[in-house]
Amino acid sequence: MKIRPDIVQVYREVHSWVGILCGLFLFVAFYAGSISMFEQPLQNWLTPKVSLPAPVSVERIPDLVQKAFAQVPEASTHYTIVMNTDNARPARLMWPQDPTHRGHGPQNFVLAALSSTGDLVTDVRKPSEIPFFIDQLHEQVGLPLPHVVSRYVMGCVALLYFLALVSGVVAFLPALKKMLFAVRLDTGARKVWLDLHNLLGFFSLPFHVIIAVTAVVFAFHEPVFTVQGKLFQPQGEEAGHNPMRRHGQFGGRERGGAPVVPNIAEQLPPAAIMAALQQQAPGFVADTLEYTTQQGKGKTKTTLRVAGHDDRYPMRGATNGFAMVDPMSGKILSTDYLPGHQSVGFAALTAFFALHFGSYGGLPVRWGYYCLGLGGAFLFYTGNRLWILARQRREQKVTEATQQTRGTWILSCLTSGCIAGCMTGIAILFICAPFLPSGGHYNDALALYYTAFVICLGVSFTLPERLREPLLFSVAGGANVAVAPALLLSVAMGHGSSQAVCVAVITMGLGLLLLWSVRRSVCKISA
């Protein structure tokens, strides 16, 4: 394809400058985001196990619920019945320890079971907040700012990211046939970085376009929900409603403050609800039944939201779709977020979420997103390296001196420090998490990560050019390799799981790759 050289040059300049403005933000977002593909399994591993009897059968759930409400009436305002118990939800019945909890972070739940003698047994599950912190790094592009502020910064970064993608494609098109598969590893550093950057960027372009567009939607989702409500919501309902927000509000109290305990005998038992769902939505697997009781105008109303999955279709949440169900009859009241049963408008909106979360196609898609996320992080690193090498080369030609300008030096230090700091900080979180109370609180993660990040950044500005990356990347590689023995120690202490083994193998591989690349670059410099 032929494009005038002056036009190509303009697009190349736009691509370079836009990329350099948002490259480091995007590295943190992609590196942390790839790990967040497995946020729930990581949380299950790091969360201390509760001590409870085996879950009761589905048929005995009504008996469990009645005994729980008799002893803890407050639980009746908002409770969840678990149909598919697992390590994350080992009991059939659970309710929030703090009903006033707001936000989308992990919260403590009271889990209930029946002993062999039929007595109620409860325990509190306090989830680890470290996986949530890593997800927040992803959402906030690494900025320790209020979530709302960081979200809009992320939206602006995503817009620049999309502009960089478009300009990069236009700049690369004239040399597409010649340069696509040219990876000149035995030439100068600049050509190596250029070839790797082009190869990664071209073959992962659809993924990057999807992430850029959906990130913009997430950043400005409040206006999107408002428009969604006006376009697709039945008249009379609250505009721009969010089902997850609506069910996070708790009513169910009389004027005097006493909780309203619903008469569960009037409701269909969970087994009947499941049977009704299978008839109306075959293939949809219900995981939880979430009941909310609200008091208004002298009447008590119980709503039921069923969360589940259907791997054949995209899902609104990271792991689930939702259906509003009548608890008295089992009839589905709303299919707005039910996989495979949505209207065209809601299906289109769900596609934005599913394409970003990878919440379709099951585990293979999640692993694919993980690899693409790491590849994306490396893409942004190569972009920054290219810009720095090009600037150094240009400055040496103009000044005929080896000393680089202050701007180039600052960007070089930022690139090495931020990238090494991000990788080291997350590795340290995994090293420390098994030994922290409750698997690590949010403030613990905040302190550990940013301490490592700031130290790496500070060291980056104090080291000479030839030592900066070898030393910092050796530290990052060593920290990742150290995750494996730390996890083996935690296994010996009784905190082992398949997730721990998987994390150990992946971090070991990443750490060894970093150490190998450092050794290779040092050998080249020495030669």
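Positions of Cβ are set from backbone N, Cα and C atoms, glycine also.
As annotated by TrEMBL, transmembrane segment applies to 14-33 (among others). Same-chain residues lying 6 or more positions outside the transmembrane segment (14-33) and placing a CB less than 8 Å from one of its CB atoms are 134-135, 137-139, 141-143, 153-154, 157, 160-161, 163-164, 167-168, 171, 373-374, 376-377, 380-381, 383-384, 386-387, 390, 411, 414-415, 418-419, 422-423, 426.
For the transmembrane segment (152-176), the list of distant contacts is 1-3, 7-8, 11-12, 14-15, 18-19, 21-22, 25-26, 29, 139-141, 143, 145, 198, 201-202, 205, 208-209, 212-213, 215-216, 218-220: same-chain residues at least six beyond its ends, Cβ to Cβ under 8 Å. The transmembrane segment annotation in TrEMBL covers 152-176 (among others).
Residues or ranges marked as transmembrane segment by TrEMBL: 196-220 (among others). The list of residues near the transmembrane segment (196-220) in space but at least 6 beyond its ends in sequence, with Cβ under 8 angstroms from a Cβ of it, reads 139, 151-152, 154-159, 161-162, 165, 168-169, 172, 176, 179-181, 183, 352-353, 355-356, 372, 375-376, 378-379, 382-383, 386.
Taken from TrEMBL, the feature transmembrane segment covers 367-388 (among others).
Sequence-distant neighbours of the transmembrane segment (409-436) (same chain, 6+ residues past either end, Cβ-Cβ under 8 Å): 20, 23-24, 27-28, 31-32, 35, 46, 128, 130, 133-134, 137, 142, 381, 384-385, 387-388, 391, 444-445, 448-461, 465, 468-469, 472-473, 475-476, 479-480, 482-483, 486-487, 489-490, 493, 495, 500, 503, 507, 510-511, 514. Residues annotated as transmembrane segment in TrEMBL: 409-436 (among others).
Taken from TrEMBL, the feature transmembrane segment covers 448-464 (among others).
Residues annotated as transmembrane segment in TrEMBL: 471-492 (among others).
The transmembrane segment feature in TrEMBL is assigned to 498-518 (among others).
Sequence-distant contacts of the transmembrane segment (498-518), counting only residues of its own chain at least 6 positions beyond either end whose CB sits under 8 Å from a CB of the stretch, comprise 38, 41-42, 44-45, 423, 427, 430, 434, 469-470, 473-474, 476-484, 487-488, 490-491.
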